[in-house]
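Below: the structure, in structure tokens.
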């Protein structure tokens, strides 16, 4: 029987893929692993403790913060600061980027951007939620505090990205630019084991994921694409299946495994879409491209967009390559 590889063993193995690697990125990923275990424990007992529901505060986007959002944010920040490989973090839950003040952190080479608990409003009803993270090499001089420019880098500069999905089982999925690998958590041992090696998304899928309750507000091209998905054309595998959980990590994870497309377009009330370029779209774009798929804002590759602000939003279309190409064609054919 083949020995099961742990996440820690796999990270050390893959360190050899990077010439002159000194282990700093490996240590950084280990800190994310630790924080994920802590957050997973709290999520699993959320219904028994006073940590579900709203905190009474809003984040910078005006969205009501959940208690577990804030808990996850603090745990990930603490884990990242403790390892000394990160000079600062930017979080969906923070108004501004946070610079770590310890001298060792100032000498660190990396910054981390994260959505500490995506889909947290679903916890009350026991729906899967997740953590999304993105890692960049800083551009400011080592030994100085991080600057805004360290965080406002296009997605094509990412050195690693991934997510943790807290569901029927807990998984950590990540890439360092050499494919996508998934690890399933064994709570009895407190260990992540390699369970999904070299994950690939099919070029074609049969699932489309979108909140159709907003249909009336969608651009014409998106409306036409939805009708295309619903047409009865058996020889082309249509109609497709509509599956929408409302938790980006959960919808993305299913489509990555099965093949499909996730759509969050612009609407009349949100002309730039609702998802954040830095905390959600860029890391998912890096993952999907490494798995053989595509991510677009409807006209441009997501990872080529130069950010102008920390909490910038963009329309988001991500998934199987041919499905993303198709929705781009509809948006080009039916401009509003």
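Heads up, the Cβ atoms here are built off N, Cα and C, so glycines get one too.
As the structure is a computational prediction, the values presented were derived from the model and not from experiment.
Swiss-Prot has this to say about the protein:
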type    : residues                                         : note
BINDING : 92, 115, 117                                     : Mg(2+) 1 binding site
BINDING : 115, 118, 280                                    : Mg(2+) 2 binding site
BINDING : 118, 119, 120, 121, 211, 244, 262, 263, 264, 274 : substrate binding site
Residue 262 (substrate binding site) versus residue 118 (Mg(2+) 2 binding site) - Cα distance in angstrom: 15
Candidate binding-site residues 211, 262, 264, 280, pick with smallest Cα gap to residue 117 (Mg(2+) 1 binding site): 280
Which of 92, 115, 118, 280, the listed binding-site residues, has fewest other Cβ atoms within 10 Å: 92
Other CB atoms, at most 10 A from the CB of residue 120 (substrate binding site): 27
Residue 264 (substrate binding site) CB neighbourhood, other CB atoms within 10 A: 24
Mapped DSSP class for residue 92 (Mg(2+) 1 binding site), helix or strand or coil: coil
Closest of 92, 115, 280 to residue 264 (substrate binding site), Cα positions, binding-site residues only: 280
Residue 262 (substrate binding site) versus binding-site residues 92, 115, 280 - nearest by Cα: 280
Candidates 92, 120, 211 (binding-site residues) with Cα within 10 Å of residue 280 (Mg(2+) 2 binding site): 92
